[in-house]
Amino acid sequence: MPALLTMRNVSKSFLGVRVLSDVSLDLEAGEVHALVGENGAGKSTLMKVLAGEHTPDSGTIRIDGTEHSFSHPSQAQAAGIGIIHQEFALLPHRTVAENVFLGREPVRRGRVDRRAMEERTAQLLTELGEHGITPRTYVHDLSVARQQTVEIVKALVGRASPKDPGASDVRVLVMDEPTAPLADHEVSLLHDLVHRLTDRGLGILYISHRLREVFDLSRRITVLKDGRHITTVPTAETDTDQVVRAMVGRELGTYYPPRARPEEIGDAALTVRGAGNTRINGIDLDLRAGEVTGIAGLQGSGRTSLARALFGAAPFTEGTMTVAGRTLRPGSPRQAIRAGIALVTEDRKAEGLALRQSIRDNALLVTRAVHARGRPPAGRALTGLLERVTLQSRGEDQQARYLSGGNQQKVVIAKWLAAGPRVLLFDEPTRGVDVGAKSAIHTLVRELARDGLAVLIVSSELPELIGMSDRILVMADGRLAGELPAGADEEDIMRLATGGDRREDAV
Amino acid sequence: MTDTALAPPQPPVKHSAVRASRLTDPAVGVWLAALAVTLLGWLVVTLDGGTFFSRANIVVILSNCVALGLVAVGQTAVILTGSLDLSVAYLIGLGTLVAAETMESGSVFGAILMVLALSAAVGLANGLVVTGLKVNAFIATLGTGFILRGWIEDNYTGPAGKVPASFQRLGYDRIGPVPVSVFLLVAVALALWVLLKHTRLGHHMYATGGDEHAARLSGVRTRRTVVLAHVLCSLCVGAAALFLASRLGAGAPWAGTEARYDLESIAAVVLGGTVLAGGRGGVAGTLGGVLVLAVLDSVFNQLSVDPFFKNVVRGVVIIAAVALYARRGSRRSA
């Protein structure tokens, strides 16, 4: 019996650069097949070839033994391939049902059959155990986790025939970093969903940087590196170390750099007393030079709001804040930046980078905007800065959008370092970043702390938070629920994060 | 054609009712604004000693709505799809000329077909330049506009052709105070409304304007959608040209540019709450926007306000409306 999906010797080049060479992969029905590799390994390209977004230069794609070649995403859909993109392809101002059936609206008597769309959407949502979404909800009113569920339902609907609107003939579901936008407690819900999908006989190609998930979920693991197929192994017969070795081609020693020694921690660079706004309140906080402070909490607990308040993006409306001895409550990012505060935001593409501008322009964005009088670092100084953040690129003129997630994040960090901050705030510093770049960013963050910066990290990835932080503050319901010393375990954190009025729903 | 005749029993009707009842919906707001402007105009004109709700005045307001309305409804289609059409004014000029000259030498029916064919061709050209050559719509349609203008300037120096009395009835006949041409506008608007809300093409137009990448990834043929939107727009413009030809009795090279239908139509669309970037809005709001502009015009004419003041008020109204929508939009997404 032929495999559900077989890709053989797929190659693809862009502008003469080989990004995939002779990659082969197969997928059985009811299987979760994990695809791992560093950024730039070719996972996304392989996925886009499968999705019909790129046409391969050579190689074949067979579904149930039938060969296909796709030149448009709709053809891949018609062949039964559904894709969950890392960035959702949802229209915020349309309803759930309209999104689910986008591009394949059922038509009855010449008109779009809304009722059929809504009934089928509701049915699928129920089948997937999702009861909080109605088909007529506008997507912008949904939480990120629920938007993802909508994406999954959308992928399942596949190519409906007019006679049987919404007949699900999707056989292969590709999920690209599906847990990246999710909070911890949402991840297990997604995993339940994945199991329900495989029970229906779907084959799932699961792309993720989070190896723990890969091991929890997959039956087989395929490792790509530099556009080549390295290995495919049954998950039960391998372990994390082997996979990581295959991915990076070297052993990764300890994942996290050593923490600060007590004598390296200096005075408070930023002090907050009794501060709050509509989302957070009663915040007392000291960020000390040389120290990495971690902020934990469930999604919606106010982690991001705290970082944004400190940065003046959603300012505190009460309380006091002192930066390097000066009283100042920033009312705008500009004021915060002038006081030496920097924020690496959660959403790199929307808030961190001007994607169509060059690495150079991005790196100089803050200095040009705020320190208009001073000479922005140019030439050697800029090159030095980019080397410092270990950026890998084709040159300073390369547009930021062509960089991998890890390298994009390094550009964002360089942008802030160019402004010479005292306090560096990170919101999800390594989201969507591959293993290699992740450890480079961790090392860099520690070096910056050692140079005397006060660092704050907000992260929903608890191992990262525990590994990086010199102390951990846990938020719940807009307040600081408690403080834990370095090396606290996940259980301690979750206990504080979920204590008190526990909120089931993510905001 | 009425709503109830078109809609199958319950859910869709209920659905649009649910939507319309959202007070944040600009389409509702603009109609309330049109009502307010009308009442205010009536008050001011009456205080000034005039009669606002005279039959003659109503006829003038409604006929003024027709030409701008047809163009604005077409413009709504392209703007929703994330594009724009700046060639409409020249197409109107050329359309009236083609209509009048064909009617003079041939049949009315043939002339209508000619104008619509010409319009469809221009729309197709606009759409293909925007999608195929990937020229920004602003520039692409400005370019086709220039080409049409060149053709007009080279071949015409003034009015040409003659529209037979039979066809002039479209411009002048009326039922009570309502010009028959209003029914043309209503029919075109209703047809586009049905298309936008109830056909796949309509859904795809919203999707393409909302997020072209997302739409493409969902299997929508975004290029074709944009091209069709341009064709629809130009067909509406063709209808406006036919109306103006019947109204003027001859082909008028500058019928479109003198009334600045290009920018006026965009103003009406935006006033009606359609987002210039595309993806949100609709025909209902646009008609409200057209009405607001037409009523304002009529009030100013009756009061013989000086043109400077008149344009200042129009400018302020448009900017204020869009600023209001922007505030609503940001509050909702916050």
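Note that Cβ sites are derived from N, Cα and C of the backbone, with glycine treated the same way.
Whatever TrEMBL says is automated annotation, not expert-curated.
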Matching range for TrEMBL feature annotation, transmembrane segment, among B:135-152, B:315-332: B:135-152
The transmembrane segment (B:107-129) and the transmembrane segment (B:266-296): do they have three or more Cβ pairs under 8 Å, with pairs 6 or more apart in sequence? no
Would you say the transmembrane segment (B:226-245) and the transmembrane segment (B:175-196) are touching, if the rule is that at least three C-beta pairs must lie under 8 angstroms and be 6 or more residues apart? yes
Beyond the flanks of the transmembrane segment (B:52-73) by at least 6 residues, Cβ under 8 Å: 41-42, 45-46, 88, 92, 171, 174, 177-179, 181-182, 184-185, 188-189, 192, 236-237, 239-240, 243-244, 247, 259, 261, 264-265, 268-269, 272, 283, 286-287, 289-291, 293-295, 297-299, 302
